[in-house]
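*Asks:* Below is the structure I would like to discuss, written out as structure tokens.
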Amino acid sequence: MLEAWMPKSGKPSTGTTPADFAPTQWNIIYLLMTVGSLVAALSISIQPLLLDKIFGIAFEKEGAVNADIQVVAEIVSIVCVGWFGLLSDRIGRVRIIATGFLIAVAGAAMSLLSLQIGLAFGAAGLVLFYLTRVLLTVGADTVQLQLSTLVGDVSSRANRPRLMGNLVFMMVFGGTMLSAIIMQMADYKGGVFIIMCLPLLIGIAGFQMTRESLRDVAQPQQAPTGDEHPLRQVWSVITSDPRLQLAFAAAFYTRADVIILSLFFSLWCISVSDLVGVTRTYATAHAAVMIGLLGLAVLAAIPLWRSFIERHSRISAIGASLSLAAVGYIWLGMFANPFNWLVALPLLMVGIGHAGCFVTLQVLTVDVSPKPILGAMVGAGYLVGGLGTVMLVQSGGYYFDALGPRAPFILMGTGKMLVTLYAAWLLANGIDETCDHHLKSTRKVDWKPLVFLTAALPFVWLIGRSVIEGYFSNGSLGEAPVGFVNRYLGDWAFTFLIISLSMRPVQEITGIKSLAKYRRMIGLFAFFYAVLHVLAYVTLEWALNLGDMASDIYKRPFILLGLAAFLLLIPLAFTSTNSQIKKIGGKRWKRLHRATYVINALVALHFILAANHENGEPYVYAAAVIVLLWYRFYQWRGGNVLRALRIG
């Protein structure tokens, strides 16, 4: 299918040497990165205004609905863009870049249609708007990721910080400064329509420019065979280098920076616009100006960080930049009025920290990655950043609606502090770089503590907010309504159930056998959040009143589906230890734990029936469960799923 838009300037199979990489190609790359990030930024920045004015989403649901749309877009994008990253090692980066622009064109065209449906029928256009956001996110992210990989192909260790810094500079310029200028049109008649037309025009121009002007550098790799599966190689590289483990942990929070700020700062401005006496279009434009200041800080800081990482440890650079951004987020969360121009100060701190972390991650990943799997390595970094975006946007949406518009920023700050502590732990244990950027120690670091801390984050966030709001002193969850706590815990229980269910297929497809040692931990965290979900319903919502609970179950019978799933989950949790496996016997234990398939199906149905009609997230989760259950059924029937799903 990709043959139809083979670049006219040369076939990927022949390749181009870095010395032959013309200056005009650099200009094209920088321009394409700018417009690719602009498409992503415009789609996020305009979203809160569209949901409020066009689709008529109620104020009390705005945070959750905005977050749900972003989460759905990120989940689909993770799968698609990750696959494109693997594929690019074999067919070249340029064809994938052209494909990304075409996907963005399709999304932009649908956005104009969803706008008309929204104007005519209100929330009825949301389904199409979900699809629009998915396509725009997949297209824009594909373009940006593959351009970064292409620069990695042509750069060397000596010039990589400079070239990657230039690329990040242009990406931030398009995603913040240029976006902020264009978003000012939202306050004028017809401005929203013009803003929505721009991604369509950009996509068409970007596709044509890619075909006409870009050429591949790296030689295409042969399809993997046997033990050479690229995902297995990616895993081996990451697990053998503590710097990459830190980099991927930092990517979990760093990629979400611009999305979190663009989305929730805009929502914050819109939510208080009536109180300060300004229109909502003005509030959207004001938010864009502040995000533009953030971008200005990033642009100004990139040369400084580029010089720093050329001369100092990248581990120190990641720790310093994360801590700076963390302080900025927490400071931002202390402001009561987003129209106070002093909020620019914490935004500048976040921008400076984001610049250092993002540039360091790009340079470090390309430096350490073997050339044959560079696309897969960059895609793996995107995958981790996408998962972080899903978790942070999902939690941020809940916190925005239930606890107030500043809560998502506190969330980001505390998470970045956690990774900063991990960087400090590495340095304290002698795991650092020499002056020429080689590891001083070959000591390997176990991932279990990092996986545990990441899985515990949703609970830590909830407890931390409860302490801040005085739960333990006054016996209530502060400002947090019980419904928020209940849904929050239930969503995370289901998230970890799906992750646990997916680990065996991923292990079988990629051959990464070491994933098995994390499956039990993930499954127990699913049970942990399920227990908290049930306890919140029984105690916080109904105060152990059995009569009221029975009446509620009669009105909402889908609760029985969740209860049945929880009862099935209990024996699985209590038989997960090695001693219980030996006591029961391996075959009987496997038969018992097949109940996880039924549990996931029950929870998916429970989630769909419990959600409101504006929420598309349950259907994405249910689709994931269907795919995973199909995989197990097909394997049970003797089908060769591995051959069908392996890249190559």
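Glycine is treated like the rest: Cβ placed from N, Cα and C.
According to Swiss-Prot, the region 'Major facilitator domain' annotation covers 1-431, on the basis of a curator's inference. Look at Swiss-Prot and you will find 28-49, 69-87, 94-113, 163-182, 188-207, 252-273, 285-305, 341-361, 373-395, 407-428, 449-468, 518-538 (among others) tagged as transmembrane segment, backed by sequence analysis.
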*Asks:* Under 8 Å for C-beta pairs, could you tell me which stretch among 69-87, 163-182, 188-207, 341-361, 373-395 has the largest tally with the transmembrane segment (252-273)?
*Replies:* 373-395
*Asks:* Considering only the recorded stretches 69-87, 163-182, 341-361, 407-428, state which has the highest number of Cβ pairs under 8 Å to the transmembrane segment (373-395).
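*Replies:* Per the Cβ count, the answer is 69-87.
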*Asks:* Across the region 'Major facilitator domain' (1-431), what does the pLDDT come to on average, as a whole number?
*Replies:* 81
*Asks:* Against which stretches of its own chain does the transmembrane segment (69-87) lie, if we need a Cβ under 8 Å and a gap of at least six residues from its ends?
*Replies:* 44, 47, 51, 96, 99-100, 129-130, 133-134, 136-138, 141-142, 145-146, 149, 230-231, 259, 263, 375-376, 378-380, 382-383, 386-387, 389-390, 393-394, 397, 616-617, 620, 624, 647
*Asks:* Should the transmembrane segment (94-113) and the transmembrane segment (285-305) be scored as in contact, given a threshold of at least 3 Cβ pairs under 8 Å and pairs 6 or more apart?
*Replies:* no
*Asks:* With pairs closer than 6 in sequence left out, are the transmembrane segment (341-361) and the transmembrane segment (188-207) joined by 3 or more CB pairs under 8 Å?
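*Replies:* Stretch pair does not touch.
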*Asks:* Taking a Cβ cut-off under 8 Å, which residues six or more beyond the ends of the transmembrane segment (285-305) line up next to it in the same chain?
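*Replies:* Hits for the transmembrane segment (285-305): 45, 165, 168-169, 172-173, 175-177, 179-181, 183-184, 186-187, 258, 261-262, 265-266, 268-270, 278, 317, 321, 338-339, 343-344, 347-352, 354-356, 358-360.
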